[in-house]
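Input: a single structure, listed below in structure tokens.
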Ligand SMILES: CC/C=C\C/C=C\C/C=C\C/C=C\C/C=C\C/C=C\C=C\C(=O)SCCNC(=O)CCNC(=O)[C@H](O)C(C)(C)COP(=O)(O)OP(=O)(O)OC[C@H]1O[C@@H](n2cnc3c(N)ncnc32)[C@H](O)[C@@H]1OP(=O)(O)O
Ligand SMILES: Cc1cc2nc3c(=O)[nH]c(=O)nc-3n(C[C@H](O)[C@H](O)[C@H](O)COP(=O)(O)OP(=O)(O)OC[C@H]3O[C@@H](n4cnc5c(N)ncnc54)[C@H](O)[C@@H]3O)c2cc1C
């Protein structure tokens with residue numbers, strides 16, 4: 001109940017749908033079969049939404065978790081980017097026109113921004129939308145090879161609509177990036193409309209169930225009314241008007257998905273991997289601890305605990321941080337809707353930073369879980385490869401992680417500069433205005449407050465140093481841009497330290513809010529382990545300025561090891577508490593009933609390579 005909240009009824013409804021749990025094994029399908037199978041489930045999901053009256057985004061998400069386990073479907077970009085962008089950036093008329101059709105899936109859309117030559121550098125995108133007042137149309141064009149749109153999910157074969165980000169030109173003047181609603185395919189024949197060259201970009205590392213696509217515009221006209229006009233308008237005669245607004249509003253869809261990815265991708269992905277690896281480690285017996293005694297569960301080896309329990313603690317931390325990130329997103333977005341945009345920079349910074357920090361940590365953690373499962377972890381039957389390839393995409397999409405950390409660092413530098421000039425910071429950066437103790441107060445009690453304070457000190461110091469180094473680089477004659485680049489490794493580390501502190505702080509606040517003493521104690525242990533591992537892994541950051549001394553570091557190491565034994569009796573319960581159904585895990589190693597070996601054998605017998613096949617037989621005969 002700590003995790004699921006109101007989600008359970010929808011999950012059990014979804015689990016009753018035979019089409020979701022059963023069917024061919026994903027691992028035995030070709031890419032085309034995976035894609036087709038996903039489309040069948042998409043259609044069934046849409047029928048279920050109508051049948052069960054699922055309208056609320058959160059309700060649908062619970063349902064999707066069962067319908068599309070550990071994968072993204074073409075509904076992802078549709079419901080996660082196309083509809084939110086229409087709602088956030090469309091005028092009332094535009095919302096009325098397109099949102100109901102999109103919500104009923106009468107039209108299917110995607111978010112078309114990235115190009116062959118540019119993804120990160122949005123201002124460098126080349127697609128043009130030139131207004132022609134005679135026809136009252138925008139003419140979309142791909143002037144170069146590098147301007148071909150590349151990557152949008154669902155563009156290859158599925159979507160008949162998209163929001164295209166393009167440079168607006170009126171009368172030869174460039175007005176910058178704007179969003180346009182574009183019909184891509186005929187609603188009758190599903191063929192691409194004349195003037196568009198489109199298709200799938202080919203096999204990828206993961207995302208087999210999504211047709212990421214390409215799109216080239218050849219002077220393709222769309223009505224004037226198709227530019228999303230909540231914040232800027234182009235009148236019939238070509239006059240451009242805009243409300244006083246932050247030009248970064250048109251990046252809103254990215255902020256939304258980044259904010260969601262922390263929980264949906266990093267939190268869920270790592271929690272599933274930990275569930276699999278910890279359950280399996282309780283089933284797997286190997287070697288001897290003591291002569292002539294039964295082989296122990298591998299979870300009893302301290303080294304196995306040292307691999308997995310810090311990841312378990314991290315999974316809890318990322319999960320809680322993801323929930324907090326969602327809350328912050330909706331809170332600040334509501335403020336923005338009321339015209340209060342003051343917290344947009346902070347929202348951008350924290351969502352960019354946490355998206356990068358948590359997806360990188362989760363991606364690394366999922367791979368460690370796989371390694372901890374030995375040989376069977378390498379089998380697709382473990383479910384871990386699928387979880388990994390889909391989760392690790394989160395390090396790249398919605399802003400490449402290094403670039404996102406640098407965006408977060410940019411905000412931190414602005415805030416720190418402001419503090420130097422007497423401004424008081426607030427929200428997630430209020431600590432930059434505090435006087436921070438220069439000596440660590442950690443004692444063998446390891447209170448959560450003292451641990452969080454250690455991370456606070458580290459973040460504040462690293463931000464200060466990054467800022468001072470930037471100033472020194474400039475003072476020694478480098479221009480601001482070169483100074484930034486020459487300082488960028490230090491800047492990303494400062495951003496990571498900020499996000500790390502934020503995550504520890506969120507975990508601490510969750511522990512403090514728990515009323516049940518038993519649950520509180522167990523969560524406190526996990527929170528301590530998370531923080532202690534963070535200190536040990538980054539010990540240089542904590543001792544560099546004499547904040548932490550050698551004795552304290554030794555205490556950290558001792559406590560970390562004793563926590564492993566303390567957590568051991570509850571480890572399986574702690575992953576069971578995530579309440580993933582077997583269908584959602586897609587793993588033989590992580591089965592709830594623990595019946596691993598029998599099912600591995602059954603599964604191997606079903607693999608297509610064991611079926612009679614003429615060519616293989618002839619080649620081997
Ligand atoms: C898909 C959804 C699925 C389910 C539905 C439900 C919910 C979602 C749930 C979960 C998601 C789950 C799965 C996802 C599944 C699949 C993925 C699907 C889709 C993927 C889509 C994409 O990848 S879309 C393309 C994404 N592209 C990017 O992210 C590009 C990254 N680049 C940029 O954002 C920018 O170019 C930049 C920020 C790097 C630089 O911008 P630039 O204009 O050059 O700005 P600067 O000059 O650097 O800075 C100027 C100032 O503006 C500030 N700034 C920058 N960006 C923003 C912003 N977004 N908001 C506010 N402010 C911003 C910047 O900090 C500077 O401020 P100063 O004050 O310092 O001047
Ligand atoms: C699975 C998946 C789904 C996607 N879905 C969509 C979609 O639906 N719609 C869409 O429009 N796009 C989509 N994309 C594209 C995605 O948003 C971009 O790939 C992403 O934003 C990264 O941009 P890039 O590919 O240009 O990377 P690049 O910017 O080329 O990154 C390459 C390297 O350059 C470095 N780098 C780049 N700029 C800087 C800088 N300023 N400072 C320091 N280092 C830098 C990066 O850190 C990285 O190491 C998807 C991508 C993937 C993988």
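Placed from the backbone N, Cα and C atoms, the Cβ positions cover glycine too.
Per TrEMBL, the feature domain 'Acyl-coenzyme A oxidase N-terminal' maps to 12-107. As annotated by TrEMBL, FAD binding site applies to 114, 153. Among the features that TrEMBL reports, domain 'Acyl-CoA oxidase C-alpha1' is placed at 251-413. Marked as active site, proton acceptor by TrEMBL: 398. According to TrEMBL, the domain 'Acyl-CoA oxidase C-terminal' annotation covers 448-612.
Location within the structure of each feature annotated in TrEMBL.
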| residue | record | Cβ neighbours (10 Å) |
| --- | --- | --- |
| 114 | FAD binding site | 18 |
| 153 | FAD binding site | 26 |
| 398 | active site, proton acceptor | 27 |
Local backbone state of residue 114 (FAD binding site), from DSSP in three classes: coil
Rounded to the nearest Å - Cα separation of residue 114 (FAD binding site) and residue 398 (active site, proton acceptor): 10
Spatial separation of residue 153 (FAD binding site) from residue 398 (active site, proton acceptor) - C-alpha basis, Å: 12
Composition by DSSP (helix, strand, coil) of residues within the domain 'Acyl-coenzyme A oxidase N-terminal' (12-107): 71 helix, 0 strand, 25 coil
Per-residue pLDDT averaged over the domain 'Acyl-coenzyme A oxidase N-terminal' (12-107), given as an integer: 92
